[in-house]
């Protein structure tokens, strides 16, 4: 018979949890920095929306102005990024994932995540929206909040037990929670995308920080979903075939989008545009900005910015978006990311998915378009990121009632599965680009050891 476990010492546990000054200092620092991270993301949201509002005023005054303004902004942002803050380029999520990789030395981490890069990311992403580029602020919010949280290390006691890994996970997830106004999405993002070696001892404190950052955003923006409330109407068997079509189409489109982004951002393709991008990055950004401006004019201004307004309009059946909006937004977002400006893809992906869902509703004659729009949103986002649980939580928070929970979950899984056939996870592959090349010698040694073991048998 196994011996009885040692009795739990209530007095020692009480002292450890409620009396230890080191533990209370750790808690205060982590919770305070999480609150600050949430406030920073809220301020970033306000700045980004104000910047895009200025662009809309310019576009309303002169429809042709983006032909000059958008390319100049795009080129200027790329020039500043490459010259002063290279780590602020891209979405921000791959940088945080690379900083979490055990293969990365501590000295290289500030090149990917730091308070300086967070401030640069705020300014450069807002400048992109000021230029009308097709980008989102949610991905950059991850890197911004992670940089704020990582700066907390200097105030933590030495025996805190809080590692840089924990702070990065908490910060990145807090960024998603605050950006989408959904603390649960932040927790799921931490589990699904960021946390590879969770530290059980501090998991409760980390989750508390994530939730607090989300609550900060809720207190400022109100207890409402990011894109408003989706009213899907009655859900029945009539949704089955249109819903399956939406899952497959969005899975293929999202997988193609991720594959195209990965091939473009790797910069290893021998084609002429990739060679031109490597040799003349600022001129290439100028050209990308010009094409984005042309697409914006052709689409009646619908493709400018993150696409939030188009998504809300589709859900409320009030937007007059062009028939080919999904294609226009797809290309504009791809070119914006390819240009090299700091740009997220979460909000544009939701916008593309909403348009695809709306098109499928029109094609199939399904009477309750918001239901298919919701499925399109979750399907395209799940396929583009290959993070089906995070996509499911984000969209589920928008739906009125619980009638679509299983439909959303099934659509996210199907779309993500289709996407995996087309390519690897986007953020993981982009994070690998940020890491130094692994030594080839280790691979050869492993192969030799495997061969030796095979011969021994």
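One is the number of the first residue shown, and numbering goes on along the chain from there.
Heads up, the Cβ atoms here are built off N, Cα and C, so glycines get one too.
Automatic, uncurated: that is what TrEMBL annotation is.
Given the structure is predicted, the values throughout are model-derived calculations rather than measurements.
Straight from TrEMBL, the features:
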TRANSMEM  28-49  transmembrane segment
TRANSMEM  61-81  transmembrane segment
TRANSMEM  167-191  transmembrane segment
TRANSMEM  203-220  transmembrane segment
TRANSMEM  240-263  transmembrane segment
TRANSMEM  284-307  transmembrane segment
TRANSMEM  372-396  transmembrane segment
TRANSMEM  403-422  transmembrane segment
REGION    438-457  region 'Disordered'
COMPBIAS  439-457  compositional bias 'Basic and acidic residues'
Long-range Cβ neighbours of the transmembrane segment (28-49) (under 8 Å; 6 or more residues past either end):
118, 122, 125-126, 129, 137, 140-141, 144-145, 148-149, 151-152, 155-156, 160, 162, 167, 170-171, 174-175, 177-179, 205-206, 208-210, 212-217, 220-221
Please work out whether the transmembrane segment (372-396) lies in contact with the transmembrane segment (403-422), by counting C-beta pairs under 8 angstroms that are 6 or more apart in sequence and asking whether there are at least 3.
yes
How about the transmembrane segment (61-81) and the transmembrane segment (403-422): do they have 3 or more C-beta pairs under 8 A, pairs 6 or more apart in sequence?
no
For the transmembrane segment (203-220), sequence-distant contacts whose Cβ falls under 8 Å of one of its Cβ atoms, 6 or more beyond its ends:
26-27, 30-31, 33-35, 37-39, 41-42, 45, 145, 149, 162, 166, 169-170, 173-175, 177-179, 181-184, 186-187, 190
Within-chain partners of the transmembrane segment (403-422) [C-beta distance under 8 Å, separation at least 6 from its ends]:
232, 234-235, 239, 243-244, 246-248, 250-252, 254-256, 258-259, 371, 374-375, 378-380, 382-384, 386-389, 391-392, 395-396
